[in-house]
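Listed in Swiss-Prot:
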- His21, Ser38, Tyr109, Val110, Asn111, Ser126, His196, Pro197, Glu198, Thr213: iminosuccinate binding site (BINDING)
- Cys83, Cys170, Cys256: [4Fe-4S] cluster binding site (BINDING)
Amino acid sequence: MDLVEEILRLKEERNAIILAHNYQLPEVQDIADFIGDSLELARRATRVDADVIVFAGVDFMAETAKILNPDKVVLIPSREATCAMANMLKVEHILEAKRKYPNAPVVLYVNSTAEAKAYADVTVTSANAVEVVKKLDSDVVIFGPDKNLAHYVAKMTGKKIIPVPSKGHCYVHQKFTLDDVERAKKLHPNAKLMIHPECIPEVQEKADIIASTGGMIKRACEWDEWVVFTEREMVYRLRKLYPQKKFYPAREDAFCIGMKAITLKNIYESLKDMKYKVEVPEEIARKARKAIERMLEMSK
């Protein structure tokens, strides 16, 4: 059985669209109808004509698609496609911060659960966090769950950022160290460094550019050779878009287990059996939708 052919057949039969994140396996990227970062995927999810959305990404992304498309069927091909960082932030963390800073707006990275988003004033992605926080009429902002992105936002906006929880992080980006920076410069002396803002502050400081994955794609045209400090599959995406340029992963072991849970086989099974359906309780979805839509409005 040719899985790709079967997926294309079922996709047509179900009137489905496949949305994939930049960190997906190469073969999954190759069959997707749209590939993007969290912000691009959220925007694309507001313009879906299909009846079924198959989300090749982790659970919080599929939840966001469902929140923005309550009347459509949203499928996630694997229950293992979870985000460890999103699960670090509990509602209690937000409520505790609100007790200490009652007037501070709650800004949540989209890498959070739907339940947490219901308590947010606005959501952000790594692509628009600085822009959105700058526009907020407050010098103190509660921000979660990524402490490294919180550091970057504080540096770029000059505002007091309260990270919730205090140690929230992405285990993939947390791996990158100053040793990786030194090694990258030795191995590729002509390359510049593109670094994701989920990396630790010491690594961020060595960047030629700090950008979300969408930002990396936009700015890759500025130089001919890059070392990429983010999930390794981003290198495949960049090489495909810019075949004339050179891209190197800063670490081969920088891979997200949750993202890799999505395969051609389970995308096929997902379309065949219409599983696993993503559901978000109406009250949570209604509140979270406000925060997501406010983000989309503030970052046009």
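Every residue, even glycine, has its Cβ placed from backbone N, Cα and C.
In this structure, the CA atom of His196 (iminosuccinate binding site) is 14 Å away from the CA atom of Cys256 ([4Fe-4S] cluster binding site).
Listed in chain order, the residues near the [4Fe-4S] cluster site other than Cys83, Cys170, Cys256 are Val58, Ala84, Met85, Ala86, Asn111, Tyr171, Val172, Glu231, Gly258, Met259, each with its Cβ within 8 Å of the site Cβ centroid. If you measure from the Cα atom of Asn111 (iminosuccinate binding site) to that of Cys170 ([4Fe-4S] cluster binding site), you get 10 Å.
The full span of the recorded iminosuccinate binding residues, His21, Ser38, Tyr109, Val110, Asn111, Ser126, His196, Pro197, Glu198, Thr213, taken as their largest Cα to Cα distance, is 17 Å. DSSP assigns His21 (iminosuccinate binding site) to a strand segment in the three-state reduction. Cβ neighbours within 10 Å of Asn111 (iminosuccinate binding site), excluding its own Cβ and spanning all shown chains: 28.
The Cβ of Cys83 has fewer other Cβ atoms within 10 Å than any other of the binding-site residues Cys83, Cys170, His196, Glu198.
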